[in-house]
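**Q** The structure follows.
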């Protein structure tokens, strides 16, 4: 007889190999066909809402690993919430205006934006933005992200733009919007002003020079033959110099250096001496900074210009001379201190970073090139005391990566002072995860200057302001804002560029300033894109005709930690300014993606990992598993090596699921499930371990600690199940009577474990759990998707503290037995564990635990025989456990090997009909497998 046919061996069609690159797109297609998003929304209608508001990625280029991390984290949260009793809609969005799109449109069309019709140009920009938004949408869906992909938000939608105009108008109404001459970050390459959030720092080599400003009028304090020395790394700003700032409380010295009388801060004299290569410096006099106020110096190369010595708290002793070259047109602090002294604001630089006619002999030169010319000029006039090159951190444009500079221009600003205190209070009312985010954004808002909201670009939402051609004053009223809002809602912002000002204003408009003006012109600047995305809390969350399921404030904003100064900040500013409240309840930030050495990913380093390539080679679930595997609050590393580890972890989880499925082929949970009180103790312990896992994982999801979800589930599959419970019950599953209580009890646990694992893993391994769900037995009707199930609940009945204590002890004992078996295997006493007989010598609590379950010990240790003895009877060569009252001996089991269960038994051969079986197997075969 072929006894293998009498075994209940695993049967399942669930494939061992994931083959994810082929299977996942099929699953994705299925989700689209059944309109899964809609189905989930219908199922959860009327439940408590959970709104995760999507920070819009920029509609430019394919998605990268950072996008993957961000979108998968959001998807994990939304899926968890929708399986936990919440109505959790997810509306993806895109940031669709701004410079990079303009640049790409210019590049692809080969045009000059100054020579093209703005309406045509904007149409090209729109096409480009929507093309990439659609591409990214497909790529995000390939990652398994569930959302309202048919109805996303774009910042270029007419309704969105109209709401943005309303936000701007409300801020203007409250007096927060003003026009002013002020130094702003300026990018010559992009020809536009930049907000602080658009600035990044990178190394740059600059000239470091020490320059003499001869004293013209010492005010009875400084001698006429002295010179105040300044230090600068931007020689090109010297043509705009009008003052020298000193700190009122620092000590300054008049010193003889290289046969010249110079003035520098006392504390910096030594470093100055070294910098200019002087051997000696003799101090001739000492002054308090405030004594030098209003001393007049001569500009080093503009003969008709004086430079006034003024006092400034911004002066430091970190480097230089303690006397700071001050050009109010090229620096924020310079501008502030210059205002106090009513100094002129000079900025003789045009949009492209070239000197204008006001720059005199430097006219037409690009500022960075002019450094050289200016240094030559200083040398000729004997005004240069020292010159070296230094490498330092310098602001660059985050778009084009070119160095930028401060330039005073007329710009539109949002006055942060108007709502700063409210914003700071709002920050305290929001939950920040990780908690350090709170202080980070608080300090940023507390210290930030006014927000420059205007940009000199075409592709954006226009600043809705008119100018009266009679009196020249700007006009922004409730009437004009309401009118423009209505026009934009109907036609989009293109209408601003298509029509003249007089066609855009309300027909009845008369200039409110002069009372007679009827002829108008319109503002040509557009809004900062941070104002676009920063208005989404009203433009999306409060736009019921487009997204009725959304509501304000959002429960959660989740982006990279760079958004403390970006989207979190701009959203907070517009929300507090307009509504007095924050736009979000909780803000969660993640780190950035790096390689395994912690380096930023870059093409030049060759360490860029393409998520789409991973999807086509390994599968999106491998990437999703990676996102869940590390603490995303720090930077996340990814490399081929890490991907290999993820694939291995995935394989273990998949194999566990396959084993569970394979042993449930004949199990109907409705008919065959065994009641808890009828389960053997081992099975009750297994259920307790499962429900401890459920409790831990649900708490981790609630706390956004997905790495705990991953490690707990992985550990459960590999250790609690595979290396313990599943190993022990294999004999029962395969050899017992198919419908027996002992087998059905084990299957009950397997079913509960599979059912819980599928639910717990769905937010992470969305594709794989969908596949498992197709094959597993279910109670009632099978739902259209695994994502429509609810999270498992913890059953407190399964939590038995006494049982847990007892089995903790059994685990310790088992560990000692397995160790001894391993030694016996190495010493060739046995081949595998079933060839072993184990003698245990026990006392105390070990005896207490093992004695009542003596009959189950062969199963528990997966050996053929276990004998229990008192510890006192232990022979000298028995192995003693270090921390337990236990000694053990392993020997070869007596008797023959049963052909069916492979255990050794002294009675194998006693049954003539089944001579190769042990009594247990012979009975099962006779009663259930004999024709």
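These residue numbers are counts, starting from 1, taken along the chain as shown.
In case you wondered, yes, glycine gets a Cβ from its N, Cα and C as well.
Annotated L-isoleucyl-5'-AMP binding site per Swiss-Prot: 559, in sequence order, evidence recorded as sequence analysis. The ATP binding site annotation in Swiss-Prot covers 603 and rests on sequence analysis. According to Swiss-Prot, the feature Zn(2+) binding site maps to 898, 901, 918, 921. As annotated by Swiss-Prot, compositional bias 'Polar residues' applies to 1-14. The annotation region 'Disordered' is assigned in Swiss-Prot to 1-25. Per Swiss-Prot, the feature motif ''HIGH' region' maps to 57-67. Marked as motif ''KMSKS' region' by Swiss-Prot: 600-604.
Looking at the shown structure, can you explain where the listed features end up?
**A** In this structure, residue 559 (L-isoleucyl-5'-AMP binding site) is part of a beta strand by DSSP. Within 10 Å of the C-beta atom of residue 559 (L-isoleucyl-5'-AMP binding site) sit 21 other C-beta atoms, taking all shown protein chains into account.
Under DSSP, residue 918 (Zn(2+) binding site) is assigned to coil, being neither helix nor strand in the three-state scheme. Counting every protein chain shown, the number of other Cβ atoms lying within 10 Å of the Cβ of residue 918 (Zn(2+) binding site) is 27.
With DSSP states grouped into helix (H, G, I), strand (E, B) and coil, the compositional bias 'Polar residues' (1-14) comes out at 4 helix, 0 strand, 10 coil.
Using a Cβ-Cβ cut-off under 8 Å and counting only residues 6 or more beyond its ends in the same chain, the motif ''HIGH' region' (57-67) has close neighbours at 94-96, 98, 100-101, 104, 129-130, 132-133, 135-136, 139-140, 154, 560, 592-593, 601, 608-612, 638.
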**Q** Near residue 898 (Zn(2+) binding site), how many other Cβ atoms are within 10 Å of its Cβ?
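**A** Looking across every protein chain shown, the total is 25.
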**Q** For residue 901 (Zn(2+) binding site), what is the secondary structure state per DSSP, taken as helix, strand or coil?
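**A** DSSP call for residue 901 (Zn(2+) binding site): coil, neither helix nor strand.
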**Q** Cα-Cα separation of residue 918 (Zn(2+) binding site) and residue 559 (L-isoleucyl-5'-AMP binding site), in Å?
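**A** Taking the Cα atoms only, residue 918 (Zn(2+) binding site) lies 64 Å from residue 559 (L-isoleucyl-5'-AMP binding site).
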**Q** Given the binding-site residues 901, 921, which one has the fewest other C-beta atoms within 10 angstroms of its C-beta?
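**A** 901, out of the binding-site residues 901, 921, has the fewest neighbouring Cβ atoms within 10 Å.
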**Q** Hey, for the Zn(2+) site built from 898, 901, 918, 921, who else sits with CB inside 8 A of the CB center?
**A** 735, 899, 900, 902, 903, 905, 908, 917, 919, 920, 922
**Q** Using C-alpha atoms only, work out the spacing between residue 901 (Zn(2+) binding site) and residue 559 (L-isoleucyl-5'-AMP binding site) and round it to an integer in Å.
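**A** For residue 901 (Zn(2+) binding site) versus residue 559 (L-isoleucyl-5'-AMP binding site), the Cα atoms are 56 Å apart.
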**Q** Tally the residues of the motif ''HIGH' region' (57-67) by DSSP class, grouping H, G and I as helix, E and B as strand, and everything else as coil.
**A** 3 helix, 1 strand, 7 coil
